[in-house]
Amino acid sequence: MSEPEFQQAYDEVVSSLEDSTLFEQHPKYRKVLPIVSVPERIIQFRVTWENDKGEQEVAQGYRVQYNSAKGPYKGGLRFHPSVNLSILKFLGFEQIFKNSLTGLDMGGGKGGLCVDLKGRSNNEIRRICYAFMRELSRHIGQDTDVPAGDIGVGGREIGYLFGAYRTYKNSWEGVLTGKGLNWGGSLIRPEATGYGLVYYTQAMIDYATNGKESFEGKRVTISGSGNVAQFAALKVIELGGTVVSLSDSKGCIISETGITSEQVADISSAKVNFKSLEQIVGEYSTFTENKVQYISGARPWTHVQKVDIALPCATQNEVSGDEAKALVAQGVKFVAEGSNMGSTPEAIAVFETARATASTLKESVWYGPPKAANLGGVAVSGLEMAQNSQRITWSSERVDQELKKIMVNCFNECIDSAKKYTKEGNALPSLVKGANIASFIKVSDAMFDQGDVF
């Protein structure tokens with residue numbers, strides 16, 4: 001069976017490991033690869049509901065419970081017409097390693113439903129969520145498998161799914177994360193991936209410049225305009241950077257003087273009503289006061305002028321090899337991914353070559369991979385699980401502080417593994433290899449200790 005997305009994720013991990021001295025120094029780890037690449041369990045189920053016309057509809061539901069050596073399965077639910085087993089296996093496989101880098105007790109999994117929610121009423125979406133959870137509730141629990149949201153599953157859907165679980169199981173427990181604040185959710189959860197991405201990038205800047213530089217005065221190109229992009233943009237602006245772009249599936253906006261926090265707030269409120277950036281730019285007064293250029297059908301990478309930092313926050317394979325070359329030509333020094341697998345293998349090769357072949361640190365381009373750079377969301381999901389188990393709610397300051405600590409610790413682990421197991425000479429260590437090696441060792445050690453590999 002052809003599984004291109006999963007194969008791409010698997011090949012990326014394997015190439016990092018093969019290209020390091022890990023197997024040479026510790027041959028036993030090679031035995032883990034064929035075991036960890038096979039999910040512990042794949043659940044496929046039929047989901048049927050009545051639509052608003054009174055007709056019955058059916059869709060395929062999935063939960064891939066990939067690996068529980070480090071803790072309960074943890075990973076999002078995606079409701080989207082593109083959902084298939086290859087995509088969920090790719091996301092679940094990545095999730096195992098990403099979750100291990102948080103330092104929290106979480107395994108990896110992913111699930112979803114092959115359905116398009118666009119144009120459906122609130123009532124129908126509630127019926128879909130209840131129908132989906134009717135089957136999924138047999139397979140999850142706070143110590144077994146704790147799903148979260150993903151594409152197509154936001155706060156509203158999590159609410160319906162949680163209500164359905166409570167109804168079917170007669171149990172109020174922290175079985176989902178991303179919950180509402182007044183019924184078990186965590187502060188900073190919506191902001192977590194975007195904030196965490198910026199904290200990770202800040203750690204990259206600190207290391208590369210010996211603490212001499214920060215986001216202050218940096219020009220930052222961001223793609224996407226959803227949660228991750230919005231909160232990354234707001235944090236960059238707060239830290240003194242200039243955000244020169246945002247995008248959606250129909251086009252991008254470019255502002256050489258900088259997109260403002262007021263404009264980001266307008267995008268946030270308009271996106272709830274599924275408005276496109278083109279509509280938002282035409283309708284909101286903040287965009288007349290501070291003009292932006294809207295480019296239809298384009299991604300921002302080749303349209304921005306000089307940039308220091310690129311943060312892809314939209315979707316998979318959104319930066320091509322040619323676009324990566326354009327970013328390098330425009331002076332980009334740091335690239336960190338807010339989206340999963342945002343850069344194609346060709347783009348990653350461009351960034352990694354620019355890093356490895358730079359004659360000085362000033363000429364180098366440093367790439368932060370998604371399994372490390374965007375783990376802020378799942379980190380705060382883990383903190384939500386911790387709060388639920390104690391039936392308490394932490395302050396936003398405490399959650400933000402814990403998030404920052406997790407992102408910096410993750411960066412340091414990536415650096416340490418890259419230095420120990422790769423031969424980079426004077427170049428900046430490869431964070432791609434560092435993240436893959438550090439996370440692989442953590443998961444492998446747990447599997448050896450528990451007899452999953454022997």
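Each Cβ is built from the backbone N, Cα and C atoms, and glycine gets one as well.
Under the heading active site, Swiss-Prot lists Lys110, citing sequence analysis as support. In the three-state DSSP assignment, the secondary structure recorded for Lys110 (active site) is strand. Taking Cβ-Cβ distances under 8 Å and a sequence separation of 6 or more, the neighbours of Lys110 (active site) in its chain are Arg63, Val64, Tyr66, Gly75, Gly76, Leu77, Arg78, Leu88, Lys89, Leu91, Gly92, Gln95, Asp150.
According to DSSP, Gln202 (NAD(+) binding site) is assigned to a helical segment. Its Cβ taken as reference, Gln202 (NAD(+) binding site) is surrounded by 22 other Cβ atoms within 10 Å in the chains shown. According to Swiss-Prot, the feature NAD(+) binding site maps to 174-203, an assignment based on similarity to another entry.
Of all the binding-site residues listed here (Asn182, Ser186), it is Asn182 whose C-beta has the fewest other C-beta atoms within 10 angstroms. A helical conformation is recorded for Asn182 (NAD(+) binding site) in the three-state DSSP classification. Secondary structure from DSSP puts Gly174 (NAD(+) binding site) in coil.
Here the binding-site residues are Gly178, Pro190, and the one ringed by the most other CB atoms within 10 angstroms is Gly178. The Cβ of Val198 (NAD(+) binding site) lies under 8 Å from the Cβ of Phe215, Ala232, Lys235, Val236, Leu239, Leu311, each on the same chain and at least six residues away in sequence.
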